Each structure stands twice: as C-alpha cells, then as structure tokens.
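The transmembrane segment annotation in TrEMBL covers 12-31, 43-60, 97-119, 126-149, 176-203, 210-229, 235-260.
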Amino acid sequence: MGWFSSFQGKSLVSISILAYLTSYLMNHLPVSQPIRWHYLRRTALWFVALYTILYTLPLTDMEAIIELTEWVGPQVLHLDNAKKIWNTGSGDTSFSYAYLFVLSSFCLGMAVLLAAVVGPRRNYTLFYVLTQTFVRYYLAYFMLFYGFAKVFEGQFISPPLISLEQTYGNSSPMGIVWVMMGLSKVYAVFGGLGEVVGGLLLFFRRTKTLGALLIVAVMTNVVMLNFAYDIPVKLFSSYLLLLTFFVLTPDIPALVRLFLLQQPAQLNQSSLALSGKGQRLTHTIGKTLVILFLIMKTSGSFKPFPDADIALRGTYKAETFVLGTDTLPPLTTDSIRWQKLLIENSYGILLRMNNKQEYYNTKIDEQKKTIRFTNQYDSTQRYTLNYVWAKDTFQLRGEWEGKPLQASFRRRKVEDYTLTGRGFHWISEYPYNR
C-alpha cells in the first residue's frame, strides 16, 4: 500500500503525459518519409522507450528492486556502500549508480529481445514519434520545474549568514556555487528563464528544435557545473542532457548541413494527419490540459515573491557576556561563552567561543521585545530572552540554561558584508577583486 501511494505521487506527471499520448495515438497517423528500421535502430528505440518510461516510475521504492540493487552494488560493481538512503539530497549515491546499472542492463536486454521479436513491418515510425513526444513532455516538465525554482528563488536563496561568516577555505565547492547563484538574483533568474522558455518550446512540434537547442546550451553549463564543483546531481543532469540530444536526433542531419556544410536545410518535421474534426478538438483540449497541468504543478510550489527580511536579521558579535555571577572573557577554548549569534528570518545559530554551532528555531515578538529560542534537536531546551537596543549595542537579558544571562552585542547587518553590500557598478576605474 505504501508503494502504491508513492507510485501515485511520483508518477502523476508520467501518467498525464501517457494519457495525452493515448489521445495522440488515436488521433494521428504520421505520413512522413519512411525510415529504414534495421535491427540496431529498432534496438536503440526500444532501449530509449523502455528506459525513459521505467525511469519515471518509483521502482526504487519496491522492496524487490531495493534488494536486487543492493546485491548488484557490492557483488558486481564492487560498491560496498550501495545501500538505499532515504531522504538524501544527493542523486549520486552508490545506490544510484548501482540502480543505473540494473535499469540499463534490464532495458538493454529487453530491447535486444523486443527488436528481434517485433519486426520492421510494425509501425515503428509511429512508435518513434510517440517516444519522442513522451521524452519532450518529460524533459519540458523538469525544465519548467528547475526553471521556476530559479525564477522564484526556490533553488538558490540569498547567502545565509552562516555562509557569510564562513571562510573560503572551509567552504565546499558546491557551497561556493550555491552562494554565487544566490548572490545574484538577476543571474539566477536569467538561467531559470532559459530553462522555462526551452521547456515551453518543447511542447510544440514546430518549436521543439529551437527549444532543444536552447536546453542543450543551458544544460551543458549545468552539467559542467555539477562535474567541476562536485555537485551530486551529475547522473540526473547528464540524463536530461542526453534526452535533449535524443529530441534533436531527427534534426541532426539538417543542422549539420546548415551550420557545418553551409547548405540549405529543412528540419525533419513529421506530417500528421488528423482523422476527424471531433478528434482534432479532443486532441487540442487534451494537449492544452496536460500543458496547463504541468505548468501549474511546476510553478505552484514556489512563492512568486520571497518574504522580506525581519528587522533583527544579522550577525551579533558578543562583546560582554555575563552568565550567573561570572563575566566570561573571550577565550577561544571556552565552550560556554557565546562568540556570535546569527539571527535569520525563522531560526538562529549560536556560535560558542570554541566554534561549536547550535541551531535554534526562533520566534520574535517585537511588541514585547522578546526572542524565544527552541533547540532544533531537543525541543525541551526552550529559552525566552528580552532584547533592547542601547545606542549602537544590542543587549539580551533573561535566563539561559538555568542561569541569569546578560550580554551585549555589536550588530553586523547583511549589507555590511563586502560580498552582499558591493552591488552593481556601471563604471569601475579599477577592478575590485578581493
């Protein structure tokens, strides 16, 4: 029952596309130039069709598939850590590589068998058109998803305070990319619009080539970033790029003649014949509904405008710190005294003098001038402190860990950092490279 629920959630997009293809199959008959479907070409088509459809299904939630993949990993590929990891943000786990091998091997074996059993007399041209259409819509969905995530700041956010406080030497390559993309909203939106426009162009036969060319440019950059900066989405981003080349497959000869041989060329567009007025209307309505569904599903998860920063957001460096009756000096070996307090919009990070980090959910009452801290890993650790502004200092008073606390801080706002406060300059007499 759990697998069925997961199937419903993860495969809704695939089902909607397949429903559209059913209507497509009923309403269209391709009359394009015949293609010679020799054995290798049939095998390649079966492999692409099987792999793309099976890849969309949540097969890795099935116990049998998990057990098979976890066996293949160490026994065949010598990946000792090929265990299923739930709720991981990585797409390049040992299990992912093992599953890639399992799925590819199965699809290749089935493709070899089906290409031999289903001979060239069958309508492979229609099968090819349907596979192309499924891939186009599947690819368009993810271009819209990742594109809208960038446009609406769902993927890359403004650099958090902990990143601004972290040195380059302690940053990861992936972390630097995330800070870079989040730092410039314009650049992130620019990249997102490229994905959105490319995805929208894929929905229509007359513009699919232009959309695929645009996506090749965008996704090549994404794939290179993932490989160059060790971002664990290498497998999936490469998969999307390969699907884009598959969409371009029928147009490659024309593109070679046009760009390399500088000869006149015409794109290979299948001529589709509709079998009736009612079926044309059914197809148009079905296609429109599927496109609207995919757009709403990909854009509805993100807020068009992020929430404004709270007034207290910033980094607070402790200048004086009194706990109980003891005034604690700023010793780097002290595990009790606070070094800095980072207040974000919905949480706070407490840095002790020994650089230990503690994460708290925060609730600020601006009328009562209080901040409630709740430890993210132990909800029983809950403290409420009063805050006051005194000239240029920020003060906290209250009870912390059973003792009276009184501390004063010097605030550093987000725009006080060079990275976030530099801004844009049309004119620069000298390069500002630090």
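Along the chain as shown, residues are numbered 1 onward.
Backbone N, Cα and C define each Cβ position, glycine as well.
Remember, predicted model here, so these are calculated numbers, not experimental data.
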Mind checking which residues of the chain, 6+ beyond the ends of the transmembrane segment (97-119), have their Cβ under 8 Å from one of its Cβ atoms?
39, 42-44, 46-47, 50-51, 54-55, 59-60, 65, 68-70, 72-73, 76-77, 79, 82, 235
One stretch in 126-149, 176-203, 210-229, 235-260 has more Cβ pairs under 8 Å to the transmembrane segment (43-60) than the rest, namely 126-149
Positions on the same chain near the transmembrane segment (235-260), where near means CB under 8 A and six or more residues out:
48, 52, 55, 91-92, 96-97, 100, 132, 135-136, 138-139, 142-143, 202, 208-209, 212-213, 215-216, 219-220, 222-223, 226, 266-268
Who are the long-range neighbours of the transmembrane segment (176-203) in its own chain, taking Cβ under 8 Å and residues 6 or more past its ends?
136-137, 139-144, 146-151, 153, 155-159, 163, 168, 210-212, 214-215, 217-218, 221, 225, 229, 231, 247, 287, 291, 419-420
